[in-house]
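Take this structure first; my questions come after.
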Amino acid sequence: MNIKKTAVKSALAVAAAAAALTTNVSAKDFSGAELYTLEEVQYGKFEARMKMAAASGTVSSMFLYQNGSEIADGRPWVEVDIEVLGKNPGSFQSNIITGKAGAQKTSEKHHAVSPAADQAFHTYGLEWTPNYVRWTVDGQEVRKTEGGQVSNLTGTQGLRFNLWSSESAAWVGQFDESKLPLFQFINWVKVYKYTPGQGEGGSDFTLDWTDNFDTFDGSRWGKGDWTFDGNRVDLTDKNIYSRDGMLILALTRKGQESFNGQVPRDDEPAPQSSSSAPASSSSVPASSSSVPASSSSAFVPPSSSSATNAIHGMRTTPAVAKEHRNLVNAKGAKVNPNGHKRYRVNFEH
C-alpha cells in the first residue's frame, strides 16, 4: 500500500477522505493468531518450548518487538525475530530489524533445526543485552550478533508469537490452503531479567516469571486482533487456545476458527508457572495504541456508541474506526507509505 499523505483542511474534506479510504480489511479469507506480553522490558532472556506450524506460504514465529515501530514518524524500528518459514521447516530465520519504517535494516540468517521445527518440540531462546543479541535452540548457540544493529535496539520490547501467511511467495513459498488448519504449540515460556553477573552461576540473567499455560493468564498476555500489509490473514483472538497445558495458535479458514485436535506430547515436562513482582507502573503495555502512551490522539472507544475518532477527526462509531485501522495510524498519518511487507497496526474493537 502506498497512499500519499493529504492535508485535510475542513470537516467536509475529512468526511470525504474517510469515505474514499473505506476498505473492509477484515474481509480476508483466512484467520491467524498473535500472542503478546502486556509488558515491554529493556533487555532480558526469553525462552519458549514450542512445536511450530509449517506449510508453504506460512510464518510461525517468536519475536521481540517495540510497539509502534511501524509508525512512519521518524521513530526507530526495534525487532528481533525467530521465524519458521513454511517452505522449509528444517530451519528457522533469525533477524534483527532496525532503522525506521520504510527504511528498515535487516540481517537475516538461516539455521538448521533437527528434527524439523514442525515435527518436534524445541526450546528457542533469545538473549538481548546492551552489547549483544544471542539466539539458541535447545540450549545451543546458533547465532550471536555484537555491535552494529544491536546498539540501535533502544527502548523496550515485548515478547510476541504469531502464526500467519505472507503474500510474498519468494519469502515463504506459495500458500497451500489445503494444509489448513495449522497449529503452533507453546508448552511454556520463561522470561529472565537482565542482571549482569548476578544470575545463577554468575550469569547475566535472573528468572523473572514462568508460564506453563495450564490456564490463560489475561493479566500477562494479550491476544492480537488486527492485520498488516502483506498478510493474507486477519489475526484474531478466536484462534488462540489454552488446552491440556499447552498454548495453541491456529491458522484457519475464516469462520472455521477452532481447535478440535489432539495436543501433541512433549517429552520434556513443563515447569511450574510463577509470577514476577508487579511492574505495571513502569512498563509499556504492548496492547496500547501504536502511538506512545504520552500521545492524546489514540482512539479509545467510550461507553457510548460514538466518539470523536482521532483517525479522521470526526464523530464516528467504533465499527467505522475499525474499517480504517490499517490505512492510518492513531495520529492520523498514513501507515506503511513505502509498502513494506512487515508492519503492524493496533486497533480497538
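Even glycines carry a Cβ here, placed using N, Cα and C.
What Swiss-Prot records for this protein is below:
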type     : residues : note
ACT_SITE : E79      : active site, nucleophile
ACT_SITE : E83      : active site, proton donor
COMPBIAS : 270-307  : compositional bias 'Low complexity'
DOMAIN   : 28-197   : domain 'GH16'
REGION   : 258-311  : region 'Disordered'
REGION   : 271-307  : region '5 X 7 AA tandem repeats of P-X-S-S-S-S-X'
REPEAT   : 271-277  : repeat '1'
REPEAT   : 278-284  : repeat '2'
REPEAT   : 285-291  : repeat '3'
REPEAT   : 292-298  : repeat '4'
REPEAT   : 301-307  : repeat '5'
SIGNAL   : 1-27     : signal peptide
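So where do these features actually land, and what's packed around them?
DSSP assigns E79 (active site, nucleophile) to a strand. Listed in sequence order, F63, L64, Y65, Q66, S69, N95, I96, I97, T98, Q157 are the same-chain residues at least 6 apart in sequence whose CB falls under 8 Å from the CB of E79 (active site, nucleophile).
Sequence-distant neighbours of E83 (active site, proton donor) (same chain, 6+ residues apart, CB-CB distance under 8 A): V59, S60, S61, F63, F92, Q93, N95.
Confidence across the region '5 X 7 AA tandem repeats of P-X-S-S-S-S-X' (271-307), taken as the mean pLDDT and rounded to a whole number, stands at 41.
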